[in-house]
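Heads up: the structure comes next, in structure tokens.
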Amino acid sequence: MNADFLGLLLLYLAILLCAAPLLGRHIRQAINGERTWLTAWGQPLERGLYRLAGVDPAAEMDWRRYAVAMLVFNVLGVLAVYALQRLQGWLPLNPAGLPGVAPDSALNTAISFVTNTNWQGYAGESTMSYLTQMLALTVQNFVSAATGIAVLIALVRGLARHSAATLGNFWADLVRATLYVLLPLSFILALALVSQGVVQNLDPYVEAQTVQAQQYETARLDAQGQPMTGPAGQPLTDTVVTRVQTLPMGPVASQEAIKLLGTNGGGFFNANSAHPYENPNAWSNLLEMLAILLIPAALCWTFGEMVGSRRQGVAILAAMTVLFAGFAASAAYFEQQPTPALRQAEAALLADGGNLEGKEARFGVAATALFATVTTAASCGAVNGMHDSFSALGGVTPLLQMQLGEVIYGGVGSGLYGMLAFAILAVFIAGLMIGRTPEYLGKKIEALDMQMVALVILATPALVLAGTAVAVLADAGRAGVLNPGAHGFSEILYAMSSAANNNGSAFAGLSANTPFYNVLLGLAMWFGRYTIIVAILALAGSLAAKPRLPASVGGMPTTGPLFVALLVGAVLLVGALTYVPALALGPVAEHLQP
């Protein structure tokens, strides 16, 4: 780990941790309906939306009604996004004349954006019209992030309230998170990105003549304009040689902002944040990294204020930061080593800069390694380099961060409610060790609570490992693997880990835009998101109904270094026990190969 990376990491964490308390306090005020600097313009719009939808924001919901409202809203979102994709060939704002998206790809994409995953088996500039990008995908970037915040707030209310039967109102939480948090921040960030050169227009694509002919592979399309596959399910491609380069345009900055702030991750372009029209320079790169973790870090402060003890939120944030710093250092160390090919050719002594394969020269190894750590610490999935080109052990960092459940900061809302499940597990383990009934924030942790916590922690590993096994055993699953051997297994494992944990990044050597992977990954995304959310809401309902117990002398404090260490240990231990065998078959085996 060199001085460049260390300086970048320290600068990043300093800005992030200074901004988190300010935003965290604002989120608490906004969600609770208190007056903020945005109330003057936001409140009339908020009230108008309630009247239009026939919603009483003061009507409290128990956890079941809260869950039903959330599920209905998200199912309707899937239907809307699917319909817009299928019909885009007949809809306006389609200057490239792109046809409707294939049914399996449209369903996968609809589930992906509604679940805050933003897994993309397609290239945005050659698949989605401007209308689809704006009305379908960008809208879901807002409301999927707001859904995560709403579910977290319901859990925090469950911890803060006592002897209560309700958790708040889903519709009010959704609207306030969107109006007072996501929209203003996205507007500010979009303007900042435009100032750095990010594209924002509705112009047709521009064709430019290149000096040198280019040769590339493109998907073979049928008469309906859909990708064709061979007998074994592998994608069919054609070689194209041309001197014409198409420069895609579009409303990029407005989607880029919420893609990052909402930890969504789906790029307007296929190259995502490695594309110069999405992420032009080092300043925009720093802004994008800060945007990804800003709200997840701030929500820790919101949690502390809502439960009446800021130190509770600081302890959770400290555990997240310790884990994040360790993974970031690991990624940087392995990526700053020469590649095995250079070392074998005895060129390592002359090589400078480490593993530059798959990295943009304008960012370099340090910024790419940090971005990869940031995007997989959050359930974001945006990338500024090719994760598939990371070294075998360098690629373990993004992979393992996802497999730990996206709780190292994590997604907007989802990261903190996942980490709170680990916090309850940690105090449960501590209670067993000292022979006391476990308590967290004055709430006794009982059988139902631990059942829900176990479901939250074990649901995604089950989906990841079962899905990987299915893909490896199926002919259609193996047909999508570009690289044989251990790395091919890693590509499948990464895809399932990304989908089930709602991250969305990929080892892009896997050809995943096939009916097999669109269905398999779609199921992983859906159940990986909503199994956990329903379990979290059930846990919140159980905790809200409990009386608050007075602090006892022998109770374990949940604000000090001991608790932080126990929480970090619980996260790492569960991850190690669950995924070490799979990691041994993939990246570890690849690293040990001659």
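Each residue, glycine too, has its Cβ placed from N, Cα and C.
The transmembrane segment annotation in Swiss-Prot covers 3-23 (among others) and is backed by sequence analysis.
Summarising the annotation, Swiss-Prot assigns transmembrane segment to 67-87 (among others) and lists sequence analysis as the type of evidence. Within its own chain, the transmembrane segment (67-87) has Cβ neighbours under 8 Å at 61, 100-101, 103, 105-107, 109-111, 113-115, 128, 131-132, 135-137, 140, 143-144, 147, 150-151, 170-171, 174, 530, 533-534, 537-538, counting only residues six or more beyond its boundaries.
Swiss-Prot lists 136-156 (among others) with the feature transmembrane segment, giving sequence analysis as the kind of evidence.
Annotated transmembrane segment per Swiss-Prot: 179-199 (among others), in sequence order, evidence recorded as sequence analysis.
Summarising the annotation, Swiss-Prot assigns transmembrane segment to 287-307 (among others).
The transmembrane segment annotation in Swiss-Prot covers 314-334 (among others). Taking Cβ pairs closer than 8 Å, the transmembrane segment (314-334) reaches residues 1-2, 5, 9, 13, 17, 20, 297, 300-301, 303-304, 355, 365-366, 369-370, 372-374, 377, 390-391, 393-394, 396-398, 400-401, 404, 407-410, 415-416, 419-420, 423, 558-560, 563-564, 567-568, 571-572 in its own chain, all 6 or more past its ends.
Look at Swiss-Prot and you will find 415-435 (among others) tagged as transmembrane segment.
As annotated by Swiss-Prot, transmembrane segment applies to 453-473 (among others), with the evidence given as sequence analysis. Note on the transmembrane segment (453-473): residues 403, 405, 418, 421-422, 424-425, 428, 489, 492-493, 495-497, 499-501, 516-517, 520-521, 523-524, 527-528, 531-532, 535-536, 539, 574, 578-579, 582 of its chain, located 6 or more positions outside it, place their CB under 8 angstroms from a CB of the stretch.
Listed as Cβ neighbours of the transmembrane segment (519-539) (distance under 8 Å, sequence separation of 6 or more from its ends, same chain) are residues 63, 66-67, 70-71, 74, 104, 107-108, 111-112, 115-117, 119, 121, 151, 154-155, 158, 167, 414, 417-418, 421, 424, 448-449, 452-453, 455-456, 459-460, 463-464, 467, 470-471, 477, 495-496, 499-502, 512. Annotated transmembrane segment per Swiss-Prot: 519-539 (among others), in sequence order.
Sequence-distant contacts of the transmembrane segment (562-582) (same chain, six or more residues past either end, CB-CB distance under 8 Å): 315-316, 318-319, 322-323, 400, 403-405, 407-408, 419, 422-423, 425-427, 429-430, 457, 461, 464-465, 468, 493, 556. What Swiss-Prot lists as transmembrane segment is 562-582 (among others), and the listing cites sequence analysis.
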